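J.: Dropping the structure in here first, questions after.
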Amino acid sequence: MDIISFEVPPFPTYINGGEDCFRKGKKHMKRNFSVFDILLVKKGVIYMCENDVKYDVVEGNYLILTPGLEHFSYKPCSVDTYYYWLHFNIEGTYQLKKMSEINWGMIVKQERTYTEPARHTLHLPRFGQIVNKEFIYQELDKLLIINETNRPEKRLMEQIIFQQLILQLQSDSIRIPTSAELVTKQTINYIQQHYKQETLKMTDISKELLFHADYITRCMQKTVGVTPIQYLTSYRLQVAKQFLSTTNEKLESISKQVGIHDSTYFSRVFKKVEGISPIEYRRLANREGK
């Protein structure tokens, strides 16, 4: 599984950490740990295996090992490898999910009130690249310096630094879609589901999405460079080309199946966009398929 998902607050709790080195030829021991363990490689490579999945954690990458799953080095380090390790725990429940299951537009679980804090779902990638290396290494060094002291206020500071590290790792790995991108995705999904309707118009899309037509158009132009109607035409022609290249159906039938009931108008639009007529396109597609 690619992602650790859990609700915050409370944030994960930092336990302990350090900086270490595997000399060339050395391996990480085999064990089943009771807490989470982050390995952040500063130089070299650690060849890790967890739950039968292999990870080559190279310089600038990190891996979060999960409680209850056996992990070990599946082969020795090929060079001297310097890395940070951090142990932490998550209060309450967490889930391991695939990246495809994550909806980054739905991270807010509860808005804050005067008596209750806001609640969010944090999705933390288990394996990824450290993009902002300067910040991450600087905060790690701070954390390890504080680690050496026993003053109570420093223990609290550890938690703050660790939270910043966790949030930065998520930010480096996953970019949450903007509101314009979310509207565009909804618009495209709606068009792909209803393109067969000859009378499909902007008013239909606006009514379904509960956004003004002008706003939807601006979102589409900003994110994909076309208006919803231009995308509708493009998608209809894309489907039509599939029919033309894989079936012997008549032009009138194909144009109706893609939501354009006037085959003459369909041919005119097709030639304007593609540069050739539907019949010529079919002939070329059949020739290339032989």
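Numbers run from 1 along the shown chain.
Glycine residues also receive a Cβ, built from the backbone N, Cα and C atoms like all the rest.
From a predicted model like this one, the values you see are computed outputs, not experimental measurements.
TrEMBL lists 185-284 with the feature domain 'HTH araC/xylS-type'.
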J.: Please average pLDDT over the domain 'HTH araC/xylS-type' (185-284) for the predicted structure.
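T.: Summing pLDDT over the domain 'HTH araC/xylS-type' (185-284) and dividing by its length gives 90.
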J.: In the domain 'HTH araC/xylS-type' (185-284), how many residues does DSSP call helix, how many strand, and how many coil?
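T.: Summed by class, the stretch gives 74 helix, 0 strand, 26 coil.
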